[in-house]
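Pulled from TrEMBL:
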- 162-192: domain 'EGF-like' (DOMAIN)
- Cys182-Cys191: disulfide bond (DISULFID)
- 243-278: domain 'EGF-like' (DOMAIN)
- Cys268-Cys277: disulfide bond (DISULFID)
- 286-321: domain 'EGF-like' (DOMAIN)
- Cys311-Cys320: disulfide bond (DISULFID)
Amino acid sequence: MKQTKEAGLFLTPPASPISLGFSIIDISELSLIDTNCRLDSRTRYYTEYKIEPEVKRKTVYYCCSGYTQQGRSCEPYCKGSCNGRGTCTKPDYCDCLAGWTGSACTYECSAGKYGKQCSSTCSCKNGAKCDKTNGNCDCTPGWRNSDCGTPCAEGTYGTKCAQRCDCRNGGKCNPVNGTCDCPSGFKGNKCEDVCPYNTWGKGCSQRCTCMNGGKCLPATGQCECSPGWSDSNCGARCAEGTYGSKCAQQCNCRNEGKCDHVNGSCDCPSGFKGDKCEDACPSGTWGKGCSQQCNCLNGGKCLPATGQCECSPGWKGTNCEKSCDAGTYGLNCTKSCDCTNGAFCNPVDGSCNCTSGFKGLKCDEVCSSGTWVFIT
């Protein structure tokens, strides 16, 4: 507020000299002009000034308490001049710039606040720095958008998501620093390496448990069994009658040949040969692969599986080297002869070779009188 008061007297000189209009005789100037003693007078004029008081009034302005004069105006006064961060709008009151507060604009807005008088609330997320002036968010690495609430788009990372990721084999790029989080089964800075042999899992930290040459999948640890093996850790042979990868093939061995669980080849039993064990050993041979020679005599035949001799009727012994004992005949000499009267029993078929004077199948008939029989 401005107030006025009247000043005192002010003296000013007149605009022009003032003639007083009177004469002064200067005696020293008197001179005798003639002999008649007549005085000759002269008039001398002096310019004098008159002092004449003049009263003038002048309006004088002075500032109210809390204001200071700035030229012809009064400005409010604030201590510290608002620290250069605001405008003094009334005594000891600063209108602070955005981002500052306090009677003298001494304090920055507290965390989470911005704007005039710090009256607005920041919307920045994920550790972003809020501009205390306008509330703009300065995102931390890995985040984007106006409120820093959205992670970097896939394949980008870093400040303002300006960097390109280089993770391979499905590795996940860290949006903050670009490091690769490798999926199970891979390792390396860029996930470029498959887990070494016999390891699997996250960071290739797990040990495989696969047996019999099985390999575990680096991602899951699941065993991929070698042909001929099955079960979760490849510890079991293929079930009988199957072979190969995942035991998916059907065996075709005959005559009780054993199917190889790996490749399906047939392991023939003694007495058989062929890819499928379909052939018996040729005559005179026996054993595994029909590699043994038979030693049977007198027409005996050896069993292809064991080499045991099957003797012809009338013969016996390991190699059929013996004729049937007297009184026996036939296969394996197991039959008893029924020849009588001293007849010779044929060891092969048991027929009777009658002695002289007898006849009949069993030589049990006597020849008629006057006849005789001679059997050679």
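Keep in mind that glycine also has a Cβ here, set from the backbone N, Cα and C atoms.
Predicted automatically and left uncurated, TrEMBL annotations should be read as such.
Since the structure is predicted, the reported quantities are computational estimates derived from the model, not experimental observations.
Within the same chain, residues 268-273, 280, 329-333, 346-349 sit at least 6 positions outside the domain 'EGF-like' (286-321) and bring their C-beta atoms closer than 8 Å to a C-beta of that stretch. A Cα-Cα distance of 51 Å separates Cys191 (disulfide bond) from Cys268 (disulfide bond). A Cβ distance under 8 Å defines the sequence-distant neighbours of the domain 'EGF-like' (243-278), meaning residues of its chain 6+ beyond its ends; these are 225-230, 237, 286-290, 303-306. Sorting the domain 'EGF-like' (286-321) by DSSP state (H, G, I as helix; E, B as strand; all else coil) yields 3 helix, 9 strand, 24 coil. In this view, Cys320 (disulfide bond) is surrounded by 22 other Cβ atoms within 10 Å of its Cβ, with every protein chain counted. A separation of roughly 53 Å, to the nearest angstrom, links the Cα atoms of Cys182 (disulfide bond) and Cys277 (disulfide bond).
Rounded to a whole number, the C-alpha distance linking Cys277 (disulfide bond) with Cys311 (disulfide bond) is 26 angstrom. Fewest Cβ neighbours within 10 Å among the disulfide-bonded residues Cys182, Cys191: that distinction goes to Cys191.
Reduced to three states, the DSSP call for Cys277 (disulfide bond) is coil. Ranking the disulfide-bonded residues Cys268, Cys277, Cys311 by how many other Cβ atoms lie within 10 angstroms of each Cβ puts Cys277 at the bottom.
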